[in-house]
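Asker: According to Swiss-Prot:
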BINDING   Thr231, Ser232, Glu233, Glu285, Ser385  L-serine binding site
BINDING   Arg262, Ser263, Glu264, Glu349, Ile350, Ser351, Ser352  ATP binding site
Amino acid sequence: MLDNQLLRENPQYVATQLLKRGFQFDAVTFSQLEEKRKALQVSTQSLQNERNLRSKAIGEAKSRGENIEPMREEVNKLGAKLEQQKTELDEILKQIEVISLSLPNIPHESVPVGKDELDNQEIRKWGDVPAFSFPVKSHDELGEALGQMDFALAAKITGSRFVVMKGHLARLHRALIQFMLDIHIQQHGYQEIYVPYIVNADSLLGTGQLPKFEADLFKLTGDNGYYLTSTSEIPVTNTVREMILSAEQLPIRYVCHSPCFRSEAGSYGKDTKGMIRQHQFEKVELVWITKPEDSYNALEQLTQHAEVILQRLNLPYRVVALCTGDIGAGSAKTYDLEVWLPSQNTYREISSCSNMEAFQARRMKARFRNPDTNEIQLVHTLNGSGLAVGRTLVAIMENYQDEHGNIHIPDALKPYLGGIDIISVK
């Protein structure tokens, strides 16, 4: 959510900035609603004051034994008019709230202006793209040939966009989770956190998934209004909702492993084969809560921490700055890490690292006390995948395959697999 004061005082500036995203904000209509709100608030307060004075006068007249019926009728008329204006004011406030909750974040000035992913800017590359002397296979071809990845069985159990993994591939998938957690906890200093995988609407509103992106979520039946979490960013970030932190507590740096559940609405026909885009997948998430002045340094650190995982696994990747037309609605600035997939002969996203600035904090009322001014200020929130586990498995399978369809284990993962150094076709 954007700053209400900014929206009220300079809606045209907001409209200009959001237009960089391709988002149309009707500043004129918003300004008209604001003028109505201000007029109604002044009028309502005036009527309230007048009714209070008249009510007091009735009490005084009654104590003197005077006829108070005419005065009471006037107060009743004032009361009816007051209730009518309160109803009108509530309706205006609801309209303003609906607009406010629909607005995306203002992009940071350093974000490249562009329309879509074609306008994203490559920042750096790491690692050499492997040169194979044989026709490469995709991860799903490799996994099925190994007899350890079964999409047809998953479809029978549930439906499309699910997978069953067995044997060493399932073990490798689990090893990746532990490896990522160990690096982030032991070397990067994150605190591990375990959170619910089911969240309520308030949490989703706080991090910005609701009301705009409900179609992307799996909602549970029943009266609780619960949803399966689409990313642990949601429950982890909401741990500071409605809190006033001390400056000494910041930055907070959490790492969390969780399954994620997404409906993939709008993804019809995209990545229909394999594990690239699934309804259920695992992720190791990094979340930072910082002071405003520290958040952009934090974004660089968070991104580098995610990069370390790819470097330890010796997977070629690149870092891309998303343009204004491609960044998520709540993000002020985002770096994507894209790993090389030989079967597609291209880089594919494996992590998004974002600075949300105060966008989520304003929704969550997540604040801290500034020791210099003693004022209560909004924190900044950041998040990034460190990494998406399934896509990391995909990248290992494809980059570490040999001509026989075997998968060689990266050196960094061998201690997690009890000495296994190759997953072989039988």
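Using the three backbone atoms N, Cα and C, a Cβ is placed for every residue, glycine included.
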Asker: For Glu349 (ATP binding site), what residues in its own chain, 6 or more apart in sequence, show a Cβ-Cβ distance under 8 Å?
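Answerer: Listed in sequence order, they are Asp336, Leu337, Glu338, Arg391.
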Asker: Any idea what DSSP makes of Glu233 (L-serine binding site), helix, strand or coil?
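Answerer: Glu233 (L-serine binding site) sits in a helix per DSSP.
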Asker: Between Thr231 (L-serine binding site) and Glu264 (ATP binding site), how many Å separate their Cα atoms?
Answerer: 13
Asker: Measuring Cα to Cα across Thr231, Ser232, Glu233, Glu285, Ser385, which the record gives as the L-serine binders, how far apart are the two most distant ones in Å?
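Answerer: Binding-site diameter by Cα atoms for L-serine: 10 Å.
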Asker: Hey, how far is Glu264 (ATP binding site) from Ser232 (L-serine binding site), Cα to Cα, in Å?
Answerer: 17
Asker: In whole Å, how far is Ser263 (ATP binding site) from Ser232 (L-serine binding site) when you measure between their Cα atoms?
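Answerer: Here the two Cα atoms are 16 Å apart.
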Asker: List the residues of the same chain that sit at least 6 positions away from Ser263 (ATP binding site) in sequence and have their Cβ under 8 Å from its Cβ, in sequence order, or write 'none'.
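Answerer: Sequence-distant Cβ neighbours: Ala215, Asp216, Leu217, Phe218, His279.
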Asker: Measure from the Cβ of Ile350 (ATP binding site) and count the other Cβ atoms within 10 Å, all protein chains considered.
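Answerer: Step by step: centre on the Cβ of Ile350 (ATP binding site), count other Cβ atoms within 10 Å, giving 26.
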Asker: Have a look around Arg262 (ATP binding site) and count the other CB atoms within 10 A of its CB, chains all included.
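Answerer: Total other Cβ atoms inside 10 Å, all chains included: 19.
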Asker: Can you tell me how many other Cβ atoms are located within 10 Å of the Cβ belonging to Glu264 (ATP binding site)?
Answerer: 16
Asker: Distance between Glu285 (L-serine binding site) and Ser352 (ATP binding site) at the Cα atoms, whole Å?
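Answerer: Cα-Cα distance, Glu285 (L-serine binding site) to Ser352 (ATP binding site): 10 Å.
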